[in-house]
Amino acid sequence: MANLQIMDTYTLKLYTSDIERELIDFEITLADSVHSRHLKRFNVGEDCPVFDGLFGFCQASAGGSIGAAVKLNRQDADIAINWAGGLHHAKKAEASGFCYVNDIVLGILELLKVHRRVLYVDIDVHHGDGVEEAFYTTDRVMTVSFHKFGDFFPGTGHVKDVGVGTGKNYALNVPLNDGMDDESFRSLFRPIIQKVMEMYQPDAVVLQCGADSLSGDRLGCFNLSVKGHADCLRFLRSFNVPLMVLGGGGYTIRNVARCWCYETAVAVDVEPDNKLPYNEYYEYFGPDYTLHIAPSNMENLNTPKDLEKIRNALLEQLTRIPHTPSVPFQTTPPTTEVPEEAEEKMDERPKPRIWNGEDYDSDPEDDKHWTKFSTPARQHAVKSEMRDEADEMEEDKKHHLHHHTSC
């Protein structure tokens, strides 16, 4: 009899421990499910994976571009550089193409606090879709993107994509083919940008210097030299307009370093020696150990006829915008000051929303609904959401345990 009691107790303990393990596994699975929904919602994964230090990286990239804009707004500098920026594929609530936070959009929004019109120019081999999308309906920002077009990420940037509404004709796309070289690129870039500066007359310019348009890039398909790439910066610098210079793509790292080193020199009007000085990374730049690279012998698929057709189409598009468009402008407070009334109207400020029991930043459109309620009412609504989430999780657990015991 005693042995039977011991056996029953032992069996009960084994059974209980099995349930506990199942419950722990279920909770982990549930947490993973919530986490997976978050990842899927914001397109995190595959080409935009989570990694240690991701938040710090986003802070540095976005903060650098916002800080550069502040420098220009305060007239502390004529040219501000953030090589950690230029992540032009990220959208408002979507990571894309190795880009998590669109520092360019944030920097331009900061510039718009002081400047009436901002010009954005993108010479990355990929289309600057995230920036174009953000300002597609406004004439306060003109976007100009020179990029590979066709069966190539992100698949946008057709020459006929020109903007809509107030922003119609303020988006310019220069679709190109493989093998773009210095001479061909210059034959498009200079006349188009010259006309843009004449017609739009921006108060500030942002240049995205993606280095994947260089010859020999692992993911790119252009054939630009470092000097050819930097000629774009040199030309924009000649207009003496406040200029923000950003990084971007680039997947042959030694050439990215070469390019941005030389473009930093161009920004400050210095011509560096082509022979690299010895340093701890010297071996990466062999066998030539030089600053500049020679273009390859790849075929240029951009024919003179193609280039002329694109150039004429874009110059014609620019004639359809008003000369120096007049835009509504409201004076905004200095970046360093917070208006007192902002602190007095706490109930009208955007509040964090709850998603599966966790805070996330709300959308301004959604906040219109929440600001109708007083703070207690809003807190009650949020708590109700959390209770509903908790009840659903509890039901899931009960269902899982019932399923286990019935088996």
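Even glycines carry a Cβ here, placed using N, Cα and C.
Over in TrEMBL, the protein carries these features:
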- 43-265: domain 'Histone deacetylase' (DOMAIN)
- D47, G97, Y251: substrate binding site (BINDING)
- H89: active site, proton acceptor (ACT_SITE)
- D124, H126, D212: divalent metal cation binding site (BINDING)
- 324-407: region 'Disordered' (REGION)
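Where TrEMBL records a feature, it is marked here on the structure.
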{"residue": "D47", "record": "substrate binding site", "Cβ contacts under 8 Å, 6 or more apart": "S96, G97, F98"}
{"residue": "H89", "record": "active site, proton acceptor", "Cβ contacts under 8 Å, 6 or more apart": "S96, G97, F98, C99, N102, H126, G128, D129, G130, P154"}
{"residue": "D124", "record": "divalent metal cation binding site", "Cβ contacts under 8 Å, 6 or more apart": "G86, H88, S145, H147, Q208, C209, G210, D212, S213, G248, G249"}
{"residue": "Y251", "record": "substrate binding site", "Cβ contacts under 8 Å, 6 or more apart": "D212, D217, R218, L219, G220"}
A 10 Å Cβ contact count, applied to the binding-site residues G97, H126, D212: which residue has the minimum?
G97
Other than D47, G97, Y251, which residues of the same chain sit close to substrate? List them in sequence order, counting a residue when its Cβ is within 8 Å of the Cβ centroid of the site.
H89, F98, F153, L219, G249
Applying the rule Cβ within 8 Å of the centroid of the Cβ atoms of D124, H126, D212, what extra residues of the same chain belong around the divalent metal cation site?
V125, H147, K148, G210, S213, L219, G220, G248, G249, G250
